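The structure under discussion appears below in the form of structure tokens.
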């Protein structure tokens, strides 16, 4: 099968969103749905008889399937890393079961247009924790059963494939009532049905239907050149493929894998091609009919309209001339003439006069088909078998079978069925049916009188081709019940209910009308209608409103970068009245989720964050001052990913003005404490600053004993 647009075209539908077997891939390509072109191609392939191999019963095999879903073994982030590298992770969480979106190296959300693996964790407005199952987010751990498909209604019959000569019309139905879902079974049975239409013969002189189809390719170049195409009727080709012969050249080719529905499969056969397959047609020209011709070639007859003639011509004949074998009367059917053994003699066919059709005037024709006397004669002269002449008939003139004698006559067997009454078939005539019922009770209707073909013997209705089409009278029509109708109430369509529950109202238009004719009606005053006026309103949706969940708007994503959450308030409401109810009153499993994951943008890297500088360690002269230095994320969380060489200094030199009136430090235990719990006292101890008066006073408790 070709991809769409590459030999697998289906007209305007090829513009649909790209799907499986599309000619190119887009962000919207869904890999689990066939395109319309592909569906048509596969369906036609199977309908043409190529799907019979699917009817066998498959061998029983036990398959051991893994119990763990792939999405459980590898979460969405891991699936992204498989596709886009070790730094990739999931984004666009809401779409994970239909399309897995991942962060690219350039910090953009991208997708390969494939869903996440089955079993991948997901979340929706109504499912707090779910997993992907059959491309849908369902409650975690559940595997919903599929819905089996059901057939929809048959479509109206399509236009007939031919205007005459036995066409085919089709009707189709789809497996959409309901459609199968989540692994449900597809419908079984007939998807497309066919029936015969326009079975009457085409007018005399009409072109052969295959010839018309071949000639359509005259304007189409074949290998860079134009040819005049005629049907190829030789052997070795499928009966329902369109094989055409290039006129004036010695080659033929298949121009189409299937002829138009209603094309005869073979000459001298009523069977027709449907969807590329040869289908049986009864002699009544109805598809699938079991009605057969009798020995007289009368459809559904009892064989009483003809007789059987059979004999053997074995006279000894002089060599070198023509000798008469048998005369075949006009109207004969099932003609079979055969030599008993291989010989150098030749069978000859001519009219009652001197018109030769086969092997006349001492000229030997090549074995082939001959259209003679209103039928087709098949002349065969195999190298390893006796010579034969065969035709189905009926013939429209009397024929004479001769033999051109070249050697001793081996004997000639003949068999045919001439009619008892050699005049054209009679006993059928056109008749008018009775007038049909009037199409309307008032304001002008129509009656028709159809013409049917009836059998004179019992007046039974038969197919039209039994009667002479040239003499068929036209169908009669007349008007009836032309008086105006009585005034009556007319009602319009009901409007939608004003409320969906707790009692609403719907309305409609009510008018008093009177139909005057088929195309005219008048609106009258309501008093003109004598019956009670239909109500223009009626109550609806009287059932109580069930408690239902109401979800308010989502909050902003927090934090503003990196993985976060949106929150919303979920309330239990009493229908449209808006009364708040306890959450226990609403359905337990239908509660919308109040939190979903989100990711507005990728966070900037962690940075060094410094605090304010502390006091100078010296009350007089040079000292040290310190500050806190931390590596923090944008959400103020500690991190160890900052670059060490960029770390700001945590300590620097400082200078204080000297004050001679500084209080004298004391080691009095009652007053000994770390002033304001200075953060750098442990550092004072570590760097042995306790010997200095200022530090000893500020960090008295820490410096005790040192």
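Note: Cβ is positioned from N, Cα and C throughout, glycine not excepted.
If you check TrEMBL, you get these features:
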- 3: Zn(2+) binding site (BINDING)
- 53: Ca(2+) binding site (BINDING)
- 10-37: disulfide bond (DISULFID)
- 80-102: disulfide bond (DISULFID)
- 91-109: disulfide bond (DISULFID)
- 97-132: disulfide bond (DISULFID)
- 122-137: disulfide bond (DISULFID)
- 160-197: disulfide bond (DISULFID)
- 164-202: disulfide bond (DISULFID)
- 175-187: disulfide bond (DISULFID)
- 1-58: domain 'Peptidase M12B' (DOMAIN)
- 668-706: domain 'PLAC' (DOMAIN)
Subset of recorded positions (53, 97, 109, 175) lying within 10 A of residue 137 (disulfide bond), CA to CA, in sequence order: 97
CB contacts for residue 187 (disulfide bond) [other CB atoms within 10 A, all chains]: 18
Distance, residue 80 (disulfide bond) to residue 187 (disulfide bond) (CA atoms, angstrom): 38
Length of the line joining the Cα atoms of residue 164 (disulfide bond) and residue 91 (disulfide bond), in Å: 63
Those residues of the chain, 6+ apart, with a Cβ under 8 Å from that of residue 197 (disulfide bond): 157, 160, 161, 162, 167, 168, 169
Cβ-based isolation winner (fewest other Cβ atoms within 10 Å) among the disulfide-bonded residues 37, 80, 91, 160, 164: 164
Other C-beta atoms that fall within 10 angstroms of the C-beta of residue 202 (disulfide bond): 15
Proximal residue to residue 37 (disulfide bond) among disulfide-bonded residues 91, 109, 202 (C-alpha distance): 109
Greatest C-beta neighbour count within 10 angstroms, which of the recorded positions 53, 102: 102
Mean per-residue pLDDT computed across the domain 'PLAC' (668-706): 74
